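Working notes, structure below.
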């Protein structure tokens with residue numbers, strides 16, 4: 001681009017973007033509207049139920065459930081930054097979003113996903129201490145430590161998203177404004193900018209790619225350490241540990257897999273990218289309540305007590 005062209009671009013920035021969504025088929029869009037509406041209700045109600053259960057039941061006032069309650073809150077936020085608009089867009093044409101709205105989506109997706117990555121690492125660390133250092137568990141995982149871990153997760157998410165947004169808002173957009181996704185995904189928005197893609201690609205890989213890979217590596221290492229610790233105890237303990245961690249590992253793979261695939265190679269786009277984005281924005285917040293509650297006897301017992309307390313008909 002010529003300097004004069006760049007000046008013109010900066011003074012006449014794109015005011016809105018067009019989102020292509022998941023499909024152009026009217027029949028599929030109506031199906032998606034019903035499906036994702038029901039899914040969003042499940043996400044919100046399921047995670048709110050976890051938060052209420054953890055805060056109201058004294059038996060769950062422990063480090064593991066404190067972190068779980070915070071994870072549920074992040075999941076609600078993560079599912080809410082773009083899903084309601086995506087649902088509304090299934091019934092509207094054209095699917096547009098303002099420039100500020102687009103930047104807000106980029107800000108929130110990286111805030112919540114960055115925070116969730118660190119929170120998942122914190123939960124893995126909690127399990128590692130509980131299993132490998134049980135005598136020191138309450139001393140290590142005290143209230144101060146848990147609060148600090150949550151603060152660090154939000155701080156990392158904030159630093160991560162501000163570093164992404166700092167160069168995104170200043171990108172020169174000279175006309176193309178069609179985003180082939182259901183929300184303003186950074187790689188797809190940034191590629192519309194009127195400058196060399198390789199510079200932006202490096203910034204995204206250094207930021208999002210390395211964060212995803214490093215936290216995923218820490219999680220995998222912690223799970224391996226836990227399984228090895230059980231390996232030396234007994235085969236029965238090993239089988240029980242693997243059964244417990246298997247569901248957690250599945251959720252971690254479904255969350256980190258798409259993030260790593262999309263952000264380590266941000267400008268090598270594939271048709272499956274939109275489907276992968278659905279996994280870490282919608283499906284993971286749905287799976288977390290299932291994995292961390294329905295397979296947990298204490299949580300199920302606490303939920304039954306709450307249901308009995310609030311849903312039991314009054315005595316006549």
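All positions are counted from 1 along the displayed chain.
Any Cβ shown, glycine's included, is placed from N, Cα and C.
Unlike curated records, TrEMBL annotations are generated automatically.
The feature domain 'G-protein coupled receptors family 1 profile' is assigned by TrEMBL to 46-292.
Long-range neighbours of the transmembrane segment (30-52) within the same chain, counting only residues 6 or more positions beyond its ends whose Cβ lies under 8 Å from a Cβ of the stretch, are 22-23, 68-69, 72-73, 75-76, 79-80, 83-84, 86-87, 90-91, 282, 285-286, 288-290, 292-293, 299, 303, 306. Among the features that TrEMBL reports, transmembrane segment is placed at 30-52 (among others).
According to TrEMBL, the feature transmembrane segment maps to 64-83 (among others).
Remote same-chain partners of the transmembrane segment (103-125), defined as residues 6 or more beyond its termini with a Cβ less than 8 Å from a stretch Cβ, comprise 64, 67-68, 70-71, 74-75, 77-78, 81-82, 97, 149-150, 152-154, 156-158, 160-161, 164-165, 168-169, 183-186, 189, 208, 211-212, 215-216, 218-219, 222-223, 248, 252, 255-256, 259, 280-281. Per TrEMBL, transmembrane segment is recorded for 103-125 (among others).
Taken from TrEMBL, the feature transmembrane segment covers 146-163 (among others). Cβ atoms under 8 Å from those of the transmembrane segment (146-163) belong to residues 63, 66-67, 70, 74, 106-119, 122, 125, 207-208, 211 of the same chain, restricted to positions at least 6 beyond its ends.
According to TrEMBL, the feature transmembrane segment maps to 210-232 (among others). With a threshold of 8 Å between CB atoms, the same-chain residues lying at least 6 positions outside the transmembrane segment (210-232) that come near it are 114, 117-118, 120-121, 124-125, 127-128, 131-132, 156, 160, 238, 240-242, 245, 248-249, 252, 256, 259-260, 263-264.
Among the features that TrEMBL reports, transmembrane segment is placed at 244-265 (among others).
Annotation source TrEMBL lists transmembrane segment at 277-294 (among others). Within the chain, the transmembrane segment (277-294) has long-range Cβ neighbours (under 8 A, six or more residues past its boundaries) at 22, 36, 39-40, 42-43, 46-47, 49-50, 68, 71-72, 75-76, 78-79, 81-83, 109, 113, 181-183, 185, 247-248, 250-251, 254-255, 257-259, 262, 300, 303.
This prediction places the mean pLDDT of the domain 'G-protein coupled receptors family 1 profile' (46-292) at 84. Within its own chain, the transmembrane segment (64-83) is flanked in space by residues 36, 40, 43-44, 47-48, 50-51, 54-55, 105, 108-109, 112-113, 115-116, 119-120, 122-123, 126-127, 130, 146, 149-150, 153, 182-184, 281-282, 284-286, 288-289, 292, 298-299, which lie at least six positions past its ends and keep a Cβ under 8 Å from the stretch. Distant neighbours of the transmembrane segment (244-265): 113, 116-117, 120, 124, 185-187, 204-205, 208-209, 212-213, 215-216, 219-220, 223, 226-227, 273, 276-277, 279-280, 283-284, 287-288, 291-292, 295; these residues of the same chain sit at least 6 beyond its ends, with a Cβ under 8 Å from one of its Cβ atoms.
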